[in-house]
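*Asks:* Not my notes, these are from Swiss-Prot:
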type	residues	note
TRANSMEM	1-21	transmembrane segment
TRANSMEM	33-53	transmembrane segment
TRANSMEM	59-79	transmembrane segment
TRANSMEM	83-103	transmembrane segment
TRANSMEM	175-195	transmembrane segment
TRANSMEM	211-231	transmembrane segment
TRANSMEM	243-263	transmembrane segment
TRANSMEM	276-296	transmembrane segment
TRANSMEM	303-322	transmembrane segment
TRANSMEM	405-425	transmembrane segment
TRANSMEM	476-496	transmembrane segment
TRANSMEM	564-584	transmembrane segment
Amino acid sequence: MYLTIITLPLFAFLTVGVIGRKLGVRGSQIITSLSIIISAILSLYGFYEIVLLNNLGPITIYLSPWMNVIGAHADWAFYFDSISITMCVVVSSISSLVHLYSIGYMQGDPHIQRFFSYLSLFTFFMLLLVTGNNYLLMFVGWEGIGVSSYLLINFWFTRIQANKASMQAMLVNRVGDLGFVLGLFGIFWLFGSSDYDTVGIIAYKLDEQYITIVTLFLLIAAIGKSAQLGLHTWLPSAMEGPTPVSALIHAATLVTAGVYLILRSSPLFELAPTSLICVCVIGSLTAIFAATTGLFQNDLKRVIAYSTCSQLGYMVFALGLSQYEVAFFHLFNHAYFKALLFLSAGSIIHALHDEQDMRKMGGLVNILPFTYTMILIGSLSLMALPFLTGYYSKDAILEVAYGQFLVTGTFTYWLGTITATITAFYSSKALILGFFGTPNGSKKIYNTIHEAPLIMSIPLFLLSICSIFIGYITNKHLSVIGIGSSGIISGGVGTLRDHYLGFDIEFISTSFGVQFYPLFASLLGISLALIVLKDPKKMHSIEKPEGLLNTVNITRWLSSKSYWFDNVYNTVLISGSLHFGGIFARDIDKGFLSLLGPQGLQQLLITISRFFAIKIDTGFIPHYASIIIIIPIFIILSIFI
């Protein structure tokens, strides 16, 4: 049964990819959607057996040996524990809803079969990533989701921006993939195996410096795939793909692969304090950076993309604080309300005939009441307002950060609280600009606006239910947050005893403010948005600051330009690399090395040939006769002497 969870998406991809034209549009949609839905049902049953009943324990399914050489061993084997089966539930359930949603969203597209086959391929590789029992098998899934992401972002390949975005996503992630490869080599060198259990057992006997090097390489991989500060530039650009792709890949699954990698590598990171500090700092800086950047975005999907980047920062710095259960709790909750936000945005874009600029919207609350309700639920959950899904996990992260009583804990707590204010501000901004005020779009478009069809509305409704209740259910009835073995994933992570908080997060502090600062921060962000957006034009009038002392304008200007990361990469790294490559090719490759190699050898042979031609080809028969005698004598002497 457990292997069927993985193989069904592969079956759907192969079937539709090979005979999709014969099956037709409807047949391809039925096969892919039904396969993913069955996979989701089986994942839920596996979750019931492994997590709720808790009578099976981790399940390892061994297929065959893969590699068994000196110093390296790996098998084709799959590992189902509380972490992997929960990830299977997230991936398969959201993928099934995205498949259903895409039936309506992609209606009329001439390449529907190709789109659904790509979705199924991505789902297969993501399930392979989270269920493999070793790092090498995880790497196969890691590369597979990268290729699938490229294909889906570039699905509308006739659009230049889609071509650029897919290439950017692929190239930026190459940096992270290099980190994974180096970390994988380090794991094989240190442990002789890439199995999670083997690595976790032997790690405690190795020197800290070796573990630190390996974990830093794995951190680079996580930074690339989870769009953390420095390698984040691909995520907003990836919004050029179809909106269902954004919901599946860039909100709920692919971008969480880096978080999953650190979570699986917790026995290593726990033994490398330097790496944990790096994880903590990078995550907290990513959260505040992405939030401030999202403030001044006009594209609806880009706003949600930057919010994804910011929420991933929360998860990463929670991992850096060794609070793996809380980070995984937020990963689980975030997947559902962020998928709801993206699919709701897709309904708006679908209704407005592909318009994504919020400045050209407005007044949609009476025209699209169902869509407004859905995106409102998702936004409130993102703001972490009480009793919604995001409230339980996001506040838990901030509370455990405060409970560390360390510099890193205080640093992340206050940055996270400030980020909560900004998140509430830009979420409110998106709602106000899109649904309230005077319509700013074309009258022709507004006259044809309609609600999404039923096949698109059902996934939205189901995700809204999850965005309201799933946080409460998992928090109170599944004991996701717990000390020691009380959390449902505690058996899958390795946390040092010194890193346990020693008490539940509900009792971190008796101070009223500590537990309620995040809520006050969110309410402050909503209030500021209502005040500032009375005149929305001022919000978008970003000009270059005249003086360095005008810090407000500087912040607004830098945020609106995404802190110039793309410009720096293009002008310094790319242009500099191309310039250096040109100089190297001209002076070294075609210059010095060419003189030592082909051109120099050619010239030497020509010179020698001319010398002998002049000295030997004299036209005198005695000279030729002497050469005929000398050459055989020379050959005989060279053989026998």
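Backbone N, Cα and C define each Cβ position, glycine as well.
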*Asks:* Counting only residues 6 or more past its boundaries, what in the same chain has a CB within less than 8 Å of a CB in the transmembrane segment (33-53)?
*Replies:* 1-2, 4-6, 8-9, 11-12, 59, 80-82, 85-86, 88-89, 91-93, 95-96, 99-100, 103, 116, 120, 123, 127, 478, 488
*Asks:* Top stretch among 1-21, 175-195, 405-425 for CB pairs under 8 A with the transmembrane segment (59-79)?
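*Replies:* Top-ranked stretch among 1-21, 175-195, 405-425: 175-195.
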*Asks:* Which bits of the chain, at least 6 residues beyond where the transmembrane segment (175-195) starts or stops, bring a Cβ under 8 A of a Cβ in it?
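*Replies:* Residues packing against the transmembrane segment (175-195) from afar: 71-75, 133-136, 139, 142-143, 146, 202-203, 206, 210-211, 213-215, 217-225, 231, 258, 261.
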*Asks:* Hey, which bits of the same chain come close to the transmembrane segment (211-231), Cβ under 8 Å, at least six residues off its ends?
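*Replies:* Contacts of the transmembrane segment (211-231) (Cβ under 8 Å, skipping residues fewer than 6 from its ends): 142, 146, 172-180, 182-183, 186-187, 190, 203, 254-259, 261-262, 265, 268-269, 271-272, 274-275, 278-279, 282-283, 285-286, 289, 308-309, 312-313, 315-316.
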*Asks:* Sequence-remote contacts (6 or more beyond its ends) of the transmembrane segment (1-21), Cβ cut-off under 8 Å?
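*Replies:* Distant Cβ neighbours of the transmembrane segment (1-21) are 28, 31-32, 35-36, 38-39, 42-43, 45-46, 59, 61, 78, 80, 88, 92, 95, 113-114, 116-118, 120-121, 123-124, 127-128, 131.
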